[in-house]
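Presented below is the structure to which this report refers.
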Amino acid sequence: MNDTIPATGHLLGAADIRRIAADAGISPTKKFGQNFVIDPGTVRRIVREAGVTAADHVMEVGPGLGSLTLAILETGATMTAVEIDPPLAERLPGTVAEFMPEATSRLTVVNRDALTVTPENVPDFSDDASFTLVANLPYNVATPILLTLLERFDNLGSFLVMVQKEVADRLAAKPGSKIYGTPSVKLAWYGTAERVGTIGRNVFWPAPNVDSALVRFTRYQADDPAAPGASNSTADGGTQRELVFRLIDAAFGQRRKTLHAALKTIAPSEAFSIAGIDPTRRGETLTIAEFTALAKAIESCGDGDEAQ
């Protein structure tokens, strides 16, 4: 995207973080799930795992006081940081100007809730064939943020995020495991996820009560035959995703029930036969490909709402 050379500057340590917070009158809040990274080695590791280069356009959600922001900018990348907290959004450009002044022109800060971000109100990525998300996500909204951005931005090609360890395990879980659930299978609609490392509690201020982990995700290419939605047009010209996600929600909303019982208002009996799926199985055993096959079968039977 650009031929910018990597920037030189100073990444934030614990003393820097506390000084910036004090100068700006900022205290970490539970409301926004704020735990600021105080270890330069950790943010460099995140950027390294994400594979960010000067050619990339990066979105960061929840930049906080700028620890990860500076590490991303250090690569020479261009980035847009989405911050919900007004004082933090206002402070971030000044922090970059202080610690990495030559990188200020490559940073755009958007004061907005990430769950409200769309290509229309944040058009920064409209000209990109693909962009990446690199973030230390607020633990309480990590999964909704990821699924929302993947739904709204077709060109969000990959992400590397730090989340609560239990959330990371669920995002990367495979069918049949006890932690496989709605986040796992919905994320699998878009691409492949894997856990790529753990992060200790002592690299944060304040230290959280839980461990953290890194999740790497790669989106399916449009022509990838492995993509569940590779052939996803429906009779009404929309996509199958809405029906597939409806099946997922119903199946995991009553995960101990058989598919026949959990999906009785959505899937007619013949749909299971058409899809080649045993209706006595539970939703926690189905792959995203099987949920997609069942959705296609329901469409071929007509209106799933009339299932008996």
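Glycine is no exception: its Cβ is also placed from the backbone N, Cα and C atoms.
Other C-beta atoms found within 10 angstroms of the C-beta of ASP113 (S-adenosyl-L-methionine binding site) number 14, with every protein chain shown included. The DSSP secondary structure for ASP113 (S-adenosyl-L-methionine binding site) is coil. Residues annotated as S-adenosyl-L-methionine binding site in Swiss-Prot, with sequence analysis given as evidence: ASN35, VAL37, GLY62, GLU83, ASP113, ASN136.
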Using a 10 Å radius around each Cβ and all protein chains in view, which of these binding-site residues has the most neighbours: ASN35, ASN136? ASN136
What kind of secondary structure is VAL37 (S-adenosyl-L-methionine binding site) part of, going by DSSP in three states? strand
